[in-house]
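Visitor: Here it is: the structure, laid out below.
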Amino acid sequence: MTDHHHGKHYTELPKGSVLAVFAGLIVAMIAATLDQTIVSTALPTIVGDLGGVDQMLWVTTAYVLTATVVMPVYGKVGDLIGRKGLFIFALVLFTVGSVVCALASNMGMLIAGRGIQGLGGGGLMILAQAIIADVVPARSRGKYMGAMGVAFVLPMLVGPLLGGLFTDHLSWHWAFWINVPLSIVAAVAAIFFLPKPRHKESLASFDVWGTVFSSAAVVMLVLATSWGGVEYDWDSPQIIGLFAGVVAMSALFVLAERRAKTPLMPLSIFKNRTFVLSTLAGLFVMFALMASMSYLPTFFQIVHGMNATTAGYMEIPMSVVYLVSSLVSGFLVSRNGRYKKLMIVSFALVIAGLVAMTSITQDTSVVLIVGGFLLILGFGMGLSFEILVLIVQNEFPASEVGTVTAATNFFREVGTTLGASVAGAIFTGGLTRALSEKLAGFGGTESLGVGANSITPGIVHMLPDELQRALGGAYTDALVPMFAAMVPMAIIGLVLMFLLKEKPLAKEGGSDVAGL
């Protein structure tokens, strides 16, 4: 079967094989995502056991750093030599990293293991989305991309529970051992059901300098946003120097791409209007999502007196609605091949949800926040999250699917990193001011008995009611401006969707074996 739009020859896989491949991809993505949610729950126990509370930040940063760096690399190499072997290689790296973490006896070993995990995990996400584009026609792909929401939502639901069970009843090491059987299942599906790749180009043409400069830019960006406001002040020479380095490395990257025979991220893709609009929209969605979700558990604990586990589960309804809307959007797009109106509705709902969140006070009921505001936000985000990737894939030939998928996810990761750091800056700065105002009548932060940096939910709940309410007001006053700052981001995303020129998804095409 031929895809007439791109002029590529396709060989369809039997439906059973496609389903087996899809199941393997889902398991791999669940493993990578579940790892993050389990570790976040078990992290206090892990670092306490290994005596590295002061190095806690690096357990997360090491993974994000390596995963982000390798995303474009996996995308490009997959386009050059095929994705089957590369996917299995990523699984092996992820598994090795998990084993190193499980066996860690000190923080250095744990952080190294997390870095290795990221080298594999970054590839699993990119390659899974690209492989779906290889084995499923564009028109039918929406259903599969929508169903991939399971890989993001399921870990959100069961991750905190498993993390608690492992740390309380087994040991934190199982937070990493669980990845081994999941990776084996995914590898078996890939080995037996993905066709052998047809090597299209030699790795001799791989863009080494582009990789070096993009990696340097990513490392500096992640370090700047991770350290800013935590290890160093935002206006410190270290942070300013890192951001200057990001600009310099990005400029060198552009020069390298202009000269490269097979560029890591071809500058020509930025001439594609749909790619630019969809990728930027995805960046702004992730920016708003990370900023929105980062401090809600803290809000529920401080203001509403919940324990950590209960606060974490306040996000479950949003996750479920996200999954439902992701499936709905995938079904609708697959049925009629249209997506623009759906994307506009998506961003309109995100704006509505964020605006609603700006109305929160410390007296706003949890039911309204969780069952109202967050449901609107989750439904809106679910409608567009996976479909934005599909829209980009529909614009390019099979030989470039891996590259553009990686580029899209790369910029989403940038949005995630920037969103988390901006949210942190707004919240932390707002909290410092609000604490000074709210506690002025109680004698300042000295009335807490601890420093402002040492406030925990446990300490708050032991304070007198009047002081608890003052603290709750301070945290609420710090949270609301953060949501307000995200509204313009979502509005920009909506404008980008109005500018999108819709190209109906092709019905033709099966699997491009060369791309596997």
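Every residue gets a Cβ built from N, Cα and C, even glycine.
Not measured: the values here are computed from a predicted model.
The domain 'Major facilitator superfamily (MFS) profile' annotation in TrEMBL covers 21-505. Per TrEMBL, the feature transmembrane segment maps to 18-43, 55-74, 86-105, 111-132, 144-166, 172-194, 206-227, 239-255, 275-296, 316-333, 366-392, 478-500 (among others).
Quick one: how deep are these features, and who are their neighbours?
Guide: Within the same chain, residues 21-22, 25-26, 28-29, 31-32, 35, 55, 58-60, 62-71, 74-75, 78, 83, 86-87, 89-102, 104, 141, 144-145, 148, 151, 176, 194, 389, 393, 401-402, 405-406, 409, 515-516 sit at least 6 positions outside the transmembrane segment (111-132) and bring their C-beta atoms closer than 8 Å to a C-beta of that stretch.
Remote same-chain partners of the transmembrane segment (239-255), defined as residues 6 or more beyond its termini with a Cβ less than 8 Å from a stretch Cβ, comprise 210, 213-214, 216-217, 220-221, 223-224, 227-228, 232-233, 267.
With a cut-off of 8 Å between Cβ atoms, the residues of this chain six or more beyond the transmembrane segment (275-296) that come close are 269, 311, 314-315, 343, 347, 350, 354, 357, 377, 381, 384-385, 388-389, 391-392, 395-396, 404, 407-408, 411-416, 418-420, 422-424, 426-427, 479, 482-483, 485-486, 489-490, 492-493, 496-497, 499-500.
Away from its own ends, the transmembrane segment (316-333) comes close to residues 142-150, 152-153, 156-157, 339, 342, 346, 370-371, 374-375, 377-387, 390, 505 of its chain (Cβ-Cβ under 8 Å, at least six residues beyond either end).
If one looks beyond the transmembrane segment (366-392) by at least 6 residues along the same chain, the residues whose Cβ comes under 8 Å of a Cβ in the stretch are 129, 138, 141-142, 145-146, 148-149, 152, 274-275, 278-279, 281-282, 285, 289, 292, 300, 304, 314-315, 317-326, 328-330, 333, 339, 342-343, 345-354, 356-357, 360, 404-405, 408-409, 500, 505.
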Visitor: Give the nonlocal contacts of the transmembrane segment (144-166) in its own chain as ranges (CB under 8 Å, at least six residues past its ends).
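Guide: Those are 22, 25-26, 29-30, 33-34, 36-42, 128-129, 132, 136, 172-175, 178, 309, 312-313, 315-316, 319-320, 322-323, 326-331, 333, 382, 385-387, 389-390, in sequence order.
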Visitor: Taking residues 6+ outside the transmembrane segment (18-43), which of them lie with a CB under 8 Å of any CB in it?
Guide: 56, 59-60, 63, 87, 91, 94, 98, 117, 120-121, 124-125, 128, 131-132, 135-136, 144, 147-148, 150-152, 154-156, 158-160, 162-164, 166-167, 172, 175-176, 178-179, 182-183, 185-190, 192-194, 312, 511
Visitor: Within the domain 'Major facilitator superfamily (MFS) profile' (21-505) only, compute the mean pLDDT.
Guide: 81
Visitor: For the transmembrane segment (55-74), which partner among 172-194, 206-227, 478-500 gives the most CB pairs under 8 Å?
Guide: 206-227
Visitor: With Cβ-Cβ distances below 8 Å as the criterion, list the same-chain residues six or more beyond the ends of the transmembrane segment (206-227) that contact it, or say none.
Guide: 57, 61, 64-65, 68-69, 72-73, 76-77, 80, 238-239, 242-243, 245-246, 249-250, 252-253, 256-257, 259-265, 414, 417-418, 420-421
